[in-house]
Amino acid sequence: SIRNPQLYPLKPCKGTASMTLGCLVKDYFPNPVTVTWYSDSLNMSTVNFPALGSELKVTTSQVTSWGKSAKNFTCHVTHPPSFNESRTILVRPVNITEPTLELLHSSCDPNAFHSTIQLYCFIYGHILNDVSVSWLMDDREITDTLAQTVLIKEEGKLASTCSKLNITEQQWMSESTFTCKVTSQGVDYLAHTRRCPDHEPRGVITYLIPPSPLDLYQNGAPKLTCLVVDLESEKNVNVTWNQEKKTSVSASQWYTKHHNNATTSITSILPVVAKDWIEGYGYQCIVDHPDFPKPIVRSITKTPGQRSAPEVYVFPPPEEESEDKRTLTCLIQNFFPEDISVQWLGDGKLISNSQHSTTTPLKSNGSNQGFFIFSRLEVAKTLWTQRKQFTCQVIHEALQKPRKLEKTISTSLGNTSLRPS
């Protein structure tokens, strides 16, 4: 009967200028097996040995490599009728020069209007002209913000390099882990950092919320919201605002809310000029109290990075839905930044927010750095069967003016139609 092989990658314990690797293929029947080596190295030679054994077979394949950089070698084995597996071996030269990494960041308590944190990755003692740097956030490569990488020193055949990356305060305060990934001589080196321990009053949390695209581009009344939660009371709490163009600005609205868990929250709303926000001017919300060791400062500006317009898809109700309601779903994906507004219309008229709900933006998987959301609308079965038209309206800054995109669905249309508004 057919028996598939077992694979064992073989590697010497000690590195030399040239290195011989092996791939042991054993306990298979019948002959033959095919062994193929793959590598990014041009300096390699291979030898395949004949199979041994009267019943279960065993064979070996060898590859010899030489060079100054680390490389991956993959042994790929096939055995009829369907066996198809690989094993990969990393080869590091004996005389590899390992650089030293140092990852630094700017203040953990940034009070500047442009709420960015600077990450600096210093790479000391690498081979000249043999270094590449990439940045990761929670193990995912950052592609929407460009890093600045410069050579800072040459010492014979060695050099030192610095890479600088700007991230938003929101990214930093999310407690994500940021990684500087350096590749030199084919080997990866990593340095990690994350935000400093909390320096603010325990329990009191402050959020600074940007203008919604709906208010910014359609209603013409953009506003910033500063939300302070988990206060004992509003007594002696002082909330002030600063704007980059002015020393201070006055909020137009202030709300206090008492909660069942005996805490108090404060909401301060600041109207902003749309042109100032779009041009990137910064704002600060400062929360102070006599018992605080220091004021809580939150800064915000328009999110930096390459813009990406959303893709919009509307799905009809599922056929299995049997009650008097019908559920329409709108998928909005691959947009950046994450600020987005979604509304639903019925025959061109705005539908109440109580009839639909929208998820918070979620990060897309894979290499795409965009976001996606779902919006769900419930309508009466009679309205759907009467061939009413329902529209998912999306407002986002990366769309063409007037920054709106609509997708309409109806039983009378037969399918959906997409149009900019």
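Cβ coordinates come from backbone N, Cα and C, glycine included.
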Exercise. From the candidates CYS23, CYS75, CYS180, CYS196, select the one that Swiss-Prot records as forming a disulfide bond with CYS121.
Key: CYS180
Self-check item: From CYS196, CYS285, partner that Swiss-Prot gives for the disulfide involving CYS226
Solution: CYS285
Quiz item: Disulfide partner of CYS75 per Swiss-Prot: which of CYS23, CYS108?
Solution: CYS23
Quiz item: Given the glycosylation sites ASN43, ASN72, ASN84, ASN166, ASN365, and counting only Cβ atoms in the protein chains shown, which has the most within 10 Å of its Cβ?
Solution: ASN166
Quiz item: Looking at the glycosylation sites ASN238, ASN261, which one has the fewest other Cβ atoms within 10 Å of its own Cβ?
Solution: ASN261
Practice problem: Tell me the Cβ neighbour count for CYS226 (disulfide bond), meaning other Cβ atoms within 10 Å of its Cβ, over all protein chains shown. | Solution: 26
Quiz item: Given the recorded positions CYS121, ASN261, CYS285, which one's Cα is the least distant from that of ASN84 (N-linked glycosylation site)?
Solution: CYS121
